[in-house]
Amino acid sequence: MEERCSVNSPRRILSFSKTRAANVSFSDADHRSQPELGVSGEHGPKLSEVYGFVGSITTVVFTVIFIVWAYVPDHWLHSIGIYYYPSRYWALAVPTYVMVTIVLAITFYIGMNFMATPPPTSLNIMFDEFSREFVSNVPLVDDDEQPIEPISDIGINRINKIMFDNFK
């Protein structure tokens, strides 16, 4: 008997079989009514590509407008018919406010992480719910082969002895 497996998704149903290739069927009415065109089913650009393109063009346009507003003299703007625009004070104030806000956000984030970290004298730094104590009930074997010790954490006293015993 043939073993069938199907994967359901909101847009299409994929059926896999050991004897033949994958079968794709659409469950939407709009996909069934369209004639087969012999293409892979992907038409046009992806939505993320469109958003990226529009976002990059918008960024370039607003950057050019900002630079023209910030650096072109007033009489040049008046000569092309632009009379109403914000004060030049904002050409320096807005980027400064944005940079100060970013620096304060990073400082706040680092400060919150320091507040959430336990102090160096806390035992929570060395032990948690996943800590394993060393168990020495492994039977010894008489021949040359030694059994592998079970997984456990190394105690702080053993680490201190290994690292700092040479300094005495």
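In case you wondered, yes, glycine gets a Cβ from its N, Cα and C as well.
Heads up, TrEMBL stuff is auto-annotated, nobody curated it.
According to TrEMBL, the feature domain 'PIG-P' maps to 48-164.
Positions annotated as transmembrane segment by TrEMBL: 50-72 (among others).
Taken from TrEMBL, the feature transmembrane segment covers 92-116 (among others).
Sequence-distant contacts of the transmembrane segment (50-72) (same chain, six or more residues past either end, CB-CB distance under 8 Å): 85-86, 88, 91.
In the domain 'PIG-P' (48-164), helix, strand and coil residues by DSSP number 70 helix, 0 strand, 47 coil.
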